[in-house]
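According to TrEMBL, the protein carries these features:
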- 123-376: domain 'AB hydrolase-1' (DOMAIN)
- SER203: active site, charge relay system (ACT_SITE)
- ASP338: active site, charge relay system (ACT_SITE)
- HIS369: active site, charge relay system (ACT_SITE)
- 403-422: region 'Disordered' (REGION)
Amino acid sequence: KSSLLLPAMFDGVKLAAVATVLYIIVRCLNLKSPTAPPDLTYQDTALNRFLLKSCSQLTKEYIPPLLWGKSGHLQTALYGKLGRVSSPNPSGIRKYLPMQDGATATFDLFEPLGDHRTGDDITMVICPGIGNHSEKQYIRTFVDYAQKDGYRCAVLNHLGALPNIELTSPRMFTYGCTWEFAAMVGYIKRTYPQTQLIVVGFSLGGNIVCKFLGENRTNQERVLCCVSVCQGYSALRAQETFLQWDQFRRFYNFLMADNMKKIILSHRHSLFGGNSVKMIDTDLSRLYTATSLMQIDDNIMRKFHGHSSLKEYYEKESCVHFIHNVHVPLLLVNAADDPLVHDSLLTIPRTLAAKKPNVIFALTLHGGHLGFFEGAVLFPQPLTWMDKVIVGYANTICQWEKQKPPCQSGHMSESSCTEEKA
């Protein structure tokens, strides 16, 4: 009898083990999570009604790949390691712009691969994520898609991010410095006097573009709209969340710090050489031992612009203090399962969209950090929901500007429109 019980017990243990593994898989992959359209915060205006009617990505379900797409970690990891699937190689021209402090800004210019649907000349000015540039796969995929829809694309290469371009001054990109982006936009406006601009920022780039637009009203001239994807809005508020293990944020912090360390060390001679008055050897030794972005920001990054403390650096370089000055149509996109952007930071875009008629805040359930992959079961498609929603939103804004009377353009409030009619 006991000999009969033993196999049965082993079978029971095996079954329990399998059940446990399946439970862990379901929990980790978040398989029970539903799919849904983005959660939208916006005011009821003529433009927003037109956007929701015409830009289907904002109102349709975002459906990630079935087996792994509901895990923000896997979406983020796939973006981080692969970038994109089968990404194209758009052909562009690299431009070099000398800056006043001796730095050299670079950006890549990609001409449209056909006419824009409105017949107008429209340029997307694009700011990538932290330490990224035009050669990153997610940027190449997006540029190719936008080019095919008739957009010229200008992509900023963050100062110091391109491995084969030497720094020409002891300064590199920071969290919120808009100088290089402003130089690129200025070049586009001068070179193409008829063009209108669509401003696009990814992650850290989202912070830079929103800050750039809000810094000065003239920066919004000839801008049709702006789209920001997966930014955190306030570095000061994000700082403490990056030290928490919740959602493995501390681990991501370590990985990003390691990447920043490599970028800085690749330019050690320009940054820490004899000409550098801002950096000293002790800063370099502290860099080697840094395990978080905050340590690197405090010892290295804040000094590029002479900030006296980390708090001052984060305060001055965050778009949260400028974004309310943006008056062009503004789409702010985040994912609820983005492991890098804590939920508490999302009160910033949500409150802004509730107060300002030009802002829509779209929060997807899934997508991770700059993932937003789509696909049936296992294999993702080359194009992501993110690529489609940016181009879809831009197309709809262009269409609105083309067909509506001047008093209903996205640049004017409905109150000024009614005043004009009166």
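Glycine too: its Cβ is placed from the backbone N, Cα and C atoms.
Structure coloured by features recorded in TrEMBL.
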residue: SER203; record: active site, charge relay system; Cβ within 10 Å: 22
residue: ASP338; record: active site, charge relay system; Cβ within 10 Å: 26
residue: HIS369; record: active site, charge relay system; Cβ within 10 Å: 25
Cα-Cα, whole number of Å: HIS369 (active site, charge relay system) versus SER203 (active site, charge relay system)?
8
Rounded Cα-Cα span from ASP338 (active site, charge relay system) to SER203 (active site, charge relay system), Å:
11
Taking the domain 'AB hydrolase-1' (123-376) alone, what is its mean pLDDT?
94
